[in-house]
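Comments concern the structure below.
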Amino acid sequence: ILPGGEAIGLGFQHYILSLGTAVMIPTMLVPLMGGNDHDKAKVVQTLLFVTGIKTLLQTLFGTRLPTVIGGSYAYVVPVLSIIHDRSLAQIADGHTRFLQTMRATQGALIVSSSIQIILGYSQLWAICSRFFSPLGMVPVVSLVGLGLFERGFPVVASCVEIGLPMLIIFVVLSQYLKHVHVRHVPILERFSLLVCIALLWVYAHILTASGAYHHTALHTQISCRTDRSNLISSALWISIPYPLQWGAPTFNADHAFGMMAAVMVSLIESTGAFKAAARLASATPPPAYVLSRGIGWQGIGTLLDGLFGTATGSTVSVENVGLLGSTRIGSRRVIQISAGFMIFFSILGKFGALFASIPFTIFAAIYCVMFGIIAAVGLSFLQFTNMNSMRNLFIVGFSLFLGLSIPEYFSRYMTGAQNGPAHTKAGWFNDYINTIFASPPTVALIIAVVLDNTLDVRDAAKDRGMQWWERFRT
């Protein structure tokens with residue numbers, strides 16, 4: 001059992017790491033909705049507050065694995081579709097448009113959360129997950145990490161004078177100097193993330209204060225400066241988020257159907273992340289019924305997102321799962337302490353906003369390590385399969401390649417054409433196709449599980465590694 005002080009320090013470290021996604025998603029979406037800096041600060045606070053609640057529920061009643069349940073990028077496509085809805089886009093006043101768009105997003109989240117709640121609590125997802133073998137999970141778990149490569153070095157390179165030193169120092173402290181002990185505690189193995197963030201944050205602040213970015217491009221200033229987010233000046237000293245704080249949600253069938261695709265994507269991504277978390281926390285593979293229960297509680301989390309208005313849904317925070325491997329501490333108590341920090345600092349708005357002013361580049365450098373660890377955990381499942389089998393080589397290689405290639409095509413198409421490859425008159429259908437096929441783990445799961453359960457199945461049970469998971473089924 002960890003000493004109290006150490007557990008609190010590790011919990012605070014998980015809280016700091018979860019800030020990256022909690023700030024990035026509202027920063028991307030709120031201005032497009034028509035919101036100002038005050039609205040953005042309030043959405044960040046709400047997302048952190050709800051993340052704390054969802055994490056406590058998942059660690060106490062769900063899978064009970066040490067996982068943080070945060071915001072999900074899978075919901076960006078359907079939320080952008082709601083933002084561009086003609087009835088909302090034509091509202092002239094920015095704040096009114098923000099409130100109406102937020103209410104429409106809330107309504108879609110509330111309706112679509114029923115998918116995870118039903119699949120989870122009816123144990124339907126448990127039935128589905130019985131078709132997942134170690135072989136089928138290799139590309140899924142690997143692409144939970146690898147599929148996020150755009151949030152790694154491309155963001156580091158946007159402010160290379162901060163991002164690259166952060167990446168190098170973090171690798172040196174957490175890997176090369178991990179045997180440094182202070183009072184019998186491997187201090188750098190466990191707290192290198194906090195040390196690195198503190199050093200580089202101060203360095204970034206010195207560069208900002210000295211005027212190093214006064215005459216640089218706007219994109220560089222946003223990436224590098226510690227005062228560009230305007231969160232500290234916009235946040236209230238004390239603010240308690242509450243349900244329906246933006247007004248009564250509005251419901252639209254098109255919006256809800258589009259959002260259901262994101263719910264399915266986050267369900268698959270979370271399944272892969274739960275498998276990785278169990279492995280990194282030295283737990284046995286989660287049985288099907290535990291996985292299903294966790295998905296049910298994640299559905300409750302998405303329902304809370306809809307009620308409070310966070311502008312996104314729920315998924316397992318991949319970077320926090322990676323941190324379990326980096327620190328080699330898989331304690332549920334640490335994650336519960338981090339949830340306490342999230343709730344506490346989201347209520348004390350100014351203090352939370354202070355930590356949220358850490359430049360995204362610093363988080364991106366950490367993601368390069370954390371997402372890599374998750375990808376490697378996925379590949380580690382290969383040890384339970386027969387990799388001399390041509391069948392297995394084909395399934396893993398084909399699903400890994402298409403799992404990266406298809407979403408990359410969808411991503412490039414969306415960037416160039418401002419809409420996805422599916423652009424029919426049925427908006428909900430477009431959202432469905434564009435969301436599902438923009439997710440690497442989802443594409444990999446569809447291909448790998450179908451092939452694994454239809455191609456030479458009769459003679460391949462041992463090759464697939466099924467006998468290794470059989471003992472953990474009940």
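Along the chain as shown, residues are numbered 1 onward.
Yeah, the Cβs are placed from backbone N, Cα and C, and that goes for glycine too.
Annotated features in TrEMBL:
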type	residues	note
TRANSMEM	12-32	transmembrane segment
TRANSMEM	107-125	transmembrane segment
TRANSMEM	156-176	transmembrane segment
TRANSMEM	191-213	transmembrane segment
TRANSMEM	334-356	transmembrane segment
TRANSMEM	362-381	transmembrane segment
TRANSMEM	393-412	transmembrane segment
TRANSMEM	432-451	transmembrane segment
Problem set entry | the transmembrane segment (191-213) vs the transmembrane segment (432-451): 3 or more CB pairs under 8 Å | no
For this session: Could you tell me what the rest of the chain brings near the transmembrane segment (334-356), counting residues at least six beyond its ends with Cβ under 8 Å?
Result: 2, 7-8, 10-16, 18-19, 22-23, 41, 44-46, 48-49, 51-53, 55-56, 59-60, 66-68, 229, 231-232, 234-241, 320
Exercise. Sequence-remote contacts (6 or more beyond its ends) of the transmembrane segment (12-32), Cβ cut-off under 8 Å?
Worked result: 39-40, 43-44, 47-48, 51, 68, 70-71, 73, 76, 79-80, 83, 98, 191, 193-194, 197, 229, 231, 311-312, 317, 319-320, 323, 327, 334-335, 337-338, 341-342, 345, 355-356, 358, 360, 363-364, 366-367, 370
